[in-house]
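Peer 1: What Swiss-Prot lists as phosphoserine is S63, and the listing cites a large-scale study or a structure entry. Annotated SUMO2 cross-link per Swiss-Prot: K88, K155, K172, K200, K214, in sequence order. The domain 'SET' feature in Swiss-Prot is assigned to 149-260. Sequence annotations record features per position, and here Swiss-Prot assigns region 'Disordered' to 389-438.
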Amino acid sequence: MLKMAEPIASLMIVECRACLRCSPLFLYQREKDRMTENMKECLAQTNAAVGDMVTVVKTEVCSPLRDQEYGQPCSRRPDSSAMEVEPKKLKGKRDLIVPKSFQQVDFWFCESCQEYFVDECPNHGPPVFVSDTPVPVGIPDRAALTIPQGMEVVKDTSGESDVRCVNEVIPKGHIFGPYEGQISTQDKSAGFFSWLIVDKNNRYKSIDGSDETKANWMRYVVISREEREQNLLAFQHSERIYFRACRDIRPGEWLRVWYSEDYMKRLHSMSQETIHRNLARGEKRLQREKSEQVLDNPEDLRGPIHLSVLRQGKSPYKRGFDEGDVHPQAKKKKIDLIFKDVLEASLESAKVEAHQLALSTSLVIRKVPKYQDDAYSQCATTMTHGVQNIGQTQGEGDWKVPQGVSKEPGQLEDEEEEPSSFKADSPAEASLASDPHELPTTSFCPNCIRLKKKVRELQAELDMLKSGKLPEPPVLPPQVLELPEFSDPAGKLVWMRLLSEGRVRSGLCGG
């Protein structure tokens, strides 16, 4: 406790957070602007000493030139830049340093006390390092030559290497390292001889020891397969990898290393933000590649299967022009071209085939004399009902074109999706579809077939009116008997009965 020069009537207890050497309780006057000379002197000395942290380790005397020549710090002094700490008083006689973050502060671990410390263990002192044999970087087989005293690198006939302890016991707690190699800033492992580390920015780096001219002997230490054979623990300190002896290693024993608990926690402590950033970066890259493929093949409307389709649970094999959302302009352009080709082909072929169509089809609307109008309409009605009955009896009411078109109503969507197939509503449409010379080369839907047929009918009727000739009424019974759909005996009997009674010519059909 500090002794005040004058007695103070009113005192206030305040915790001093700036001084670590003095007592944690200080006496201040109520008036903050009037402090004694002893307090001012104490604060002045404290400000000069705050933040100075001395790390005591066992070192070897080595010049900076040798550090540069051999590519490793001979002193093995920990990097002070990694110790970004905030002093704070804790209970007990010894003041400990509490870190701001586990990743910003590196601790050493005492195997005897099973406790972490920053500079030295209160019971066993600073950490003990086992130095490598100095070998310049770039020397062939440098990694094997850097083996410390008391150990050796053994190579078998297959070319595999291993490390073994010889001559003397390696005490528990001794530290080997750091692991040397090429540092890569990429957040992935570079190979079998690489170790991952986490930097201050919470990003992964790797130390690759595959190059024997730059690595050291630690690359030959084999990973432990069983817990009982493990005698080394790998841990990270100041963006470097060290091996710590977790028990005494006796002569003739092979060195086996495994990951320490704090090292595994450090690897798993990568922030969720970094993970999301990596995932977002990969997804953007994938979408960019997909868009480039679509631009390279603009005619392919199917395109690649997008991630959004799979996330929504849609089947990639069902084609429902959901791709139209991705290619709206291409879809509209293709549909316009289809209808344009159909219309042009229909108009061009209408004049050439008008006369043939007027003579061959019985479904064209024609103006006939009044006395034949009723008979013609009634016979057409009877013929329609006969066709429906025959189709229901034999199940042949649907005319099909290419194979694979379903007749079930539930598959209507699939029929509309295939532009090369359609379902005709009449034998005339079926004949149009079956004749390859009658159809344009462009594939189209059933409505296009009906449109073409209608255009031909109207054109044929217009040509007949312009010529001033009235079309002769067709002789229905012979034509009906020649139709393939009336090959059924029941249909023949109906028309033969009508002919025998003479009701067709007398206009009494259906009456």
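Numbers run from 1 along the shown chain.
In case you wondered, yes, glycine gets a Cβ from its N, Cα and C as well.
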Peer 1: Please list, for the domain 'SET' (149-260), how many residues fall into helix, strand and coil according to DSSP.
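Peer 2: For the domain 'SET' (149-260), the helix, strand and coil counts are 7 helix, 44 strand, 61 coil.
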Peer 1: Any idea what the Cα distance is from K172 (SUMO2 cross-link) over to K200 (SUMO2 cross-link), rounded to a whole Å?
Peer 2: 30
Peer 1: Tell me the Cα distance separating K214 (SUMO2 cross-link) from K200 (SUMO2 cross-link), rounded to the nearest angstrom.
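Peer 2: It is 25 Å, counting Cα to Cα.
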Peer 1: Among all the protein chains here, how many other CB atoms are within 10 A of the CB of K214 (SUMO2 cross-link)?
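Peer 2: The answer is 18.
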Peer 1: Just to be sure I understand the packing, how many Cβ atoms besides its own are within 10 Å of the Cβ of K200 (SUMO2 cross-link)?
Peer 2: 12
Peer 1: What Cα-Cα separation, expressed in whole Å, is found between K214 (SUMO2 cross-link) and K155 (SUMO2 cross-link)?
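Peer 2: Cα-Cα distance, K214 (SUMO2 cross-link) to K155 (SUMO2 cross-link): 19 Å.
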Peer 1: So for K155 (SUMO2 cross-link), how many other CB atoms are inside 10 Å of its CB?
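Peer 2: Excluding its own Cβ, the number within 10 Å is 11.
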Peer 1: Over the domain 'SET' (149-260), what is the model's mean pLDDT?
Peer 2: 90
Peer 1: Please work out the number of neighbouring Cβ atoms within 10 Å of the Cβ of K172 (SUMO2 cross-link), leaving out its own Cβ.
Peer 2: 15
